[in-house]
Structure formats: C-alpha cells, structure tokens
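Reading through the structure tokens given below for one structure.
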C-alpha cells in the first residue's frame with residue numbers, strides 16, 4: 001500500500017501502474033476538506049515512489065465523486081475574502097499537482113462525477129466512463145461557478161461552445177453524450193471499466209498514445225480564432241441571459257470567466273476563476289440556492305427516516321378519477337406502485353386514464369420513456385366502478401370533489417371495504433382533517449395528503465397530521481409520497497394547512513391594492529419581474545381558478561376571522577360573481593386564447609378593468625416597493641405564525657413548502673432565508689409602516705424579540 005487514509009487508498013498494480021481509490025466511509029464520495037487533504041498527501045506519496053509509471057483514479061462506490069461537501073459551504077463562504085481565496089488556492093494546488101504528475105493519468109468513471117468530481121477527472125490525461133456514468137458541473141444551480149478549475153479545463157477539453165452549455169445549464173451529461181463532445185475517451189460496460197482504463201495507460205506508457213500533447217492543450221490558452229471567439233461569447237451571453245435573467249448572476253459570470261480566461265495559460269486562467277468564484281460565493285443568491293439544496297436534503301432525510309416506521313405500500317388506490325385522480329394514478333404507477341382508480345362514473349374513469357396516457361405519451365415523445373414502459377405503467381392502473389377492487393390496497397387516497405359532506409360520506413364507505421390496517425388519506429386543499437376524521441371508525445389510520453396541481457409537475461405533497469393520526473399512518477404516507485417521487489412535508493391540521501394558509505394573506509394584500517385602484521397587470525409585472533414569482537397574483541388566481549380561490553378565501557376567513565375576515569366585496573368576489581373563473585372558462589382577470597402550440601395565451605381584457613373600475617373607482621399607480629411590501633408582508637408574517645404555532649416543524653420545511661408548492665423565487669431561498677437576508681429587525685420596521693392596514697400586517701411578539709436580539713431563523 002502506497003498510501004492509506006479513511007477516504008483514499010493508493011496501491012501499486014501490475015506494470016507499475018498505481019491505483020488511487022476514493023473510498024469515503026459514507027455511501028458516496030464527496031470532496032470535503034478531509035478528502036482534499038488526503039488527496040494532497042496521497043499525491044505526495046505517489047510523487048515520491050519512483051517505480052510508478054502511470055496512475056488510474058477509481059471509486060469503491062457506485063458513483064465516482066458526487067461533488068464538494070455542500071454542508072461546508074455556508075460557513076466557509078461567510079469567511080473573509082482572504083480566507084476564502086486561500087481555501088480556493090490551496091484546493092487548486094492539489095488539482096494542479098494531480099495534473100502535473102510526471103506520467104500519464106486516467107480516470108475510471110462510474111455513476112456520478114459531478115462538480116469537484118468532474119473537475120477531478122478533467123485533470124487526468126484520459127477519461128474512461130462506464131454506461132452508468134453521469135458527468136457535469138452543476139455549480140451554477142447553487143449560485144456559484146466551478147471553483148476547482150472547471151471553467152478553465154472543460155473548454156480546453158471539449159471546446160468553448162460545449163463547455164458554455166455544460167456550465168451555464170448545470171445539467172448532468174450521460175456517458176454517451178460526454179463521449180460525443182470528447183469529455184470522455186471511451187464508454188465501456190461496467191465490468192470492463194478498470195481494465196479499459198489500465199489498458200489505455202499501458203498504451204500511453206508504451207507511447208502509442210500521446211498523453212503529453214493532451215496535457216499541454218489543457219495548460220495552454222484556447223486555440224480559437226479571434227472573430228470566432230467574439231461571436232461565440234456574444235451569442236452565449238444573449239442566450240444565457242434570456243434563460244437565467246437578472247436574478248441569477250452565476251451563468252452570466254461563467255460565460256465572462258471562460259471568455260476572459262480563453263487567452264490565458266492555466267495559472268492566469270485559474271486566478272480569473274478564483275476571483276469570480278469568491279465574488280459569487282458572497283452573494284445572497286448563492287446563500288439562498290445553497291440553502292435550498294441543504295433544506296431539500298434535510299426534508300428528504302426526514303422522509304427517509306419515516307420510512308423505517310412506515311407500513312410497506314405495495315398496492316394503492318385513488319378514489320375519484322378525472323384530471324387529479326388520473327395524475328395521482330400516473331404518478332404512483334410510473335414509480336412502480338400499482339394503483340386502482342375508483343370512480344362512480346365511467347366518463348370520469350375514461351378521463352383519468354386519458355390523463356395518465358397523455359402524460360406517458362409525452363414522456364415517450366421526449367425520449368424519456370418507451371412504448372413498452374408506457375404499456376407497463378398503464379397496466380399498473382386498474383380502473384373500477386366497484387369498491388371491491390380496493391380491498392387489497394395498503395393506502396387509499398380519497399380525491400373526490402372538494403365538499404366536506406361528500407368526502408365524509410366516501411371516507412366512511414371506504415372503511416367498510418379495506419383491511420383493518422389499510423391507511424386512508426384525503427387529498428384536500430381546504431377541509432379540516434380533524435373534521436373529516438369524525439366520519440371514521442378508526443381515525444388513527446387517517447391523515448391528509450395534499451397534492452398540488454398539476455400532480456406530475458409539482459414536487460410538493462403536504463402530509464397533514466390530524467389530532468388522531470398515528471405515527472405509523474403519517475410515516476407510511478410520507479414514505480408513499482417519497483416513493484412517488486414527491487417531496488413530502490408534514491404539517492399539522494389548521495384551515496388551509498400550511499401552503500394555502502400562507503398564500504391567501506398574499507392574495508389579501510393583492511385585493512387591498514386593487515380596492516385602492518391598483519392595476520392588476522402592473523402588480524403582476526412587479527411581482528414577476530422584480531420579486532421573481534413565476535406568475536403574479538392575478539395570473540396565479542386565473543390559473544388556480546377564481547371559483548377555487550373564492551371558496552378557499554371563505555374557508556380562510558372563517559378560520560382566521562380576526563386577520564382574514566372580510567368586510568366587503570373584493571376583486572376575487574367581483575370576478576367570481578361575473579362568472580370570470582380564469583383559464584378554465586377563458587376569462588378571469590385576463591382573457592385567454594390558445595396559441596399555435598396549443599398552450600393558453602393571456603391578454604389584458606378591458607372588460608375586467610371595467611368591472612374593477614365599477615367596484616373600486618379609477619386606476620391608481622403604486623410604487624414597486626409598495627406593491628412588494630403590501631403583498632409579501634402578510635405572507636411572511638403568516639409563515640412565521642405557522643412556525644410559531646407548530647403547524648410546520650422548521651424553517652427548512654416551511655421554505656421548501658413555499659419553493660416547491662408555490663414557486664417562491666428560489667434565488668430568495670424561501671420566507672425564512674429571505675427574512676435572514678433582509679434582517680429580521682429591518683423587516684419588523686418595514687411591517688410596522690403598514691400595520692395600519694390590519695392584522696395581516698402586524699408582526700408577532702416573538703418576531704420583535706428576535707429582531708431586538710439581532711437573531712436569525714437559520715444558524716448558518
């Protein structure tokens with residue numbers, strides 16, 4: 001053994017080829033500080049052994065290296081610039097040491113080689129991948145750029161245009177696609193991987209392959225004609241900005257770094273990367289996006305733990321077909337859990353099956369599935385008009401019409417047809433789980449399971465704990481949601497649960513602006529372009545449906561009369577009373593038509609302006625800051641109330657609920673990350689300026705205490 005540490009082992013194979021194996025104690029290899037230090041020490045040991053003629057990098061795991069240890073980032077990035085620069089330079093010195101070894105090197109890549117893992121393989125002269133490999137630099141998704149030489153080496157290996165696409169999108173690349181652009185030199189079967197890499201090194205040692213020419217290309221400036229380079233980078237800037245926009249600076253920074261570094265040798269090029277990396281690491285956007293990644297890991301970790309308490313779900317059922325039932329059936333069946341779709345009407349079953357078939361056909365059309373897989377998934381969906389079909393179901397999801405009496409009746413009926421230990425969940429967005437539980441003989445096996453529409457696109461599922469729900473019930477539904485490919489958060493029962501409870505104060509703020517003459521299209525523009533929502537409040541209400549919004553608003557007003565009670569007619573009432581229901585009937589705040597691709601197209605409608613003018617008078621202009629404050633303050637305070645009341649368990653789960661359930665702008669990180677970035681004291685001062693508008697604008701005592709103590713919701 002040439003070198004051994006808890007994360008890396010180096011041994012000498014036949015023909016004096018050394019093998020460096022990444023072998024961290026956990027399930028995957030990461031580039032944490034310990035691994036970087038071990039790699040540095042391992043390379044020193046390798047350099048001192050004069051017998052070594054070549055080096056192959058391998059992994060003992062199913063994956064190569066998944067990237068840097070992101071749990072270290074927030075603490076590290078909070079350091080002074082000088083400390084951060086020192087860390088980046090030390091890390092890059094290790095990668096340079098690997099690249100500069102006096103003999104040929106190769107990487108044997110299986111599974112993921114992402115971020116720092118990808119940057120590792122770029123330092124070697126040859127790269128062999130097996131068919132499971134996925135390679136990429138996802139750093140821009142975290143608000144930063146590659147920091148271990150990725151922006152320098154990748155363009156010199158695969159060309160500037162390909163590197164720009166890889167780095168600015170942050171997407172993983174399959175082995176076959178990596179081969180096409182020259183990121184890897186060969187793709188082989190998994191069992192042949194190490195042997196293929198070793199054979200390539202033998203050929204290099206025997207001078208059949210010119211490894212030094214390959215290395216020199218990476219150490220030198222890019223060989224791009226000046227005019228071609230200018231055209232490439234100008235085009236890239238336009239395309240990247242069109243996608244990333246002003247709120248996500250990292251992709252544009254990556255283009256700029258690659259452009260500036262293209263005429264430099266390795267040392268100067270790396271310095272350009274270092275400076276850009278440090279600048280981005282200090283941004284609020286990086287903090288927010290890294291926070292989302294960590295929160296996502298936290299929420300999924302909780303779901304994984306729940307799996308240990310969960311009852312195994314081998315068969316499921318959904319009651320109520322149609323679009324929602326079909327979406328739930330598709331999601332369950334496509335992830336491997338057979339499901340019965342039960343309804344009282346054949347047309348509804350047909351609609352549900354058509355919805356599943358439509359979603360599957362789209363997967364086939366995009367090359368993400370095959371007709372054979374589509375047929376298998378459809379065979380996993382059993383439509384039925386008879387309750388007898390659900391008797392073997394481990395979990396039954398009730399998804400009938402949103403009416404408490406109908407749901408209660410269906411839930412009571414279901415208990416008579418399923419086994420004693422079957423779990424029953426209601427897909428409701430507004431009806432109290434405790435209320436529905438009263439219709440059941442065994443309320444301990446009942447909880448809420450709130451899917452968001454469209455089911456196949458929205459990642460969040462709210463699992464609602466009623467006062468009688470058992471831990472096994474909650475754990476089982478959480479595990480089932482995870483198995484369906486969803487991100488579940490557990491919330492306690494209250495009107496609106498978590499997501500709708502915090503959404504409707506936002507709509508109340510919007511209604512307040514319109515009642516004073518606000519222009520809904522101008523408000524939408526501010527909330528989309530400046531705050532960063534995917535759609536503004538008027539457009540969102542049209543998509544949700546103004547009938548749904550009207551009903552949910554009434555539920556919230558009844559549940560929280562002090563803050564959400566209404567004293568008169570608001571804009572939602574005006575639209576609803578004039579049968580303007582939004583996209584579903586072609587007219588709401590906006591009017592809708594179908595574009596050439598068959599997608600809904602919205603236009604401003606003078607009729608809706610006329611109705612609002614009749615109700616609230618002439619239009620009045622509001623400043624953008626005023627619009628943001630009046631819509632967001634109520635949502636933020638209500639989110640904090642949910643945490644304080646224990647409706648949601650942690651800031652992390654609340655923020656993921658907002659990002660995954662409502663599309664809260666990821667670059668802001670969620671309400672609690674936004675509060676920490678803004679400063680709780682600054683928010684309290686802002687809210688106090690609007691406190692005269694009512695209870696929705698009045699901060700809690702706990703918020704005032706936190707502000708006075710200069711506290712924060714996250715610890716890093």
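The backbone N, Cα and C atoms fix where each Cβ goes, and this holds for glycine too.
According to Swiss-Prot, the residue from 369, 429, 476 that belongs to the NAD(+) site alongside 324, 343, 400, 401, 402, 407, 453 is 429.
Summarising the environment of residue 119 (site 'Important for catalytic activity'), the number of other Cβ atoms within 10 Å of its Cβ, over all protein chains shown, is 28. A straight line from the CA of residue 407 (NAD(+) binding site) to the CA of residue 139 (site 'Important for catalytic activity') spans 46 Å. Around residue 500 (substrate binding site), the same-chain residues at least 6 positions away in sequence with a Cβ under 8 Å from its Cβ are 429, 430, 552, 556.
In the predicted model, the region 'Enoyl-CoA hydratase/isomerase' (1-189) shows an average pLDDT of 97. Of all the recorded positions in the list 119, 139, 296, 450, 660, the shortest Cα-Cα distance to residue 343 (NAD(+) binding site) is found for 450. Listed binding-site residues: 324, 400, 401. The one with the lowest count of other Cβ atoms within 10 Å of its Cβ is 401. Here residue 402 (NAD(+) binding site) is positioned 22 angstrom away from residue 660 (substrate binding site), judged by their C-alpha atoms.
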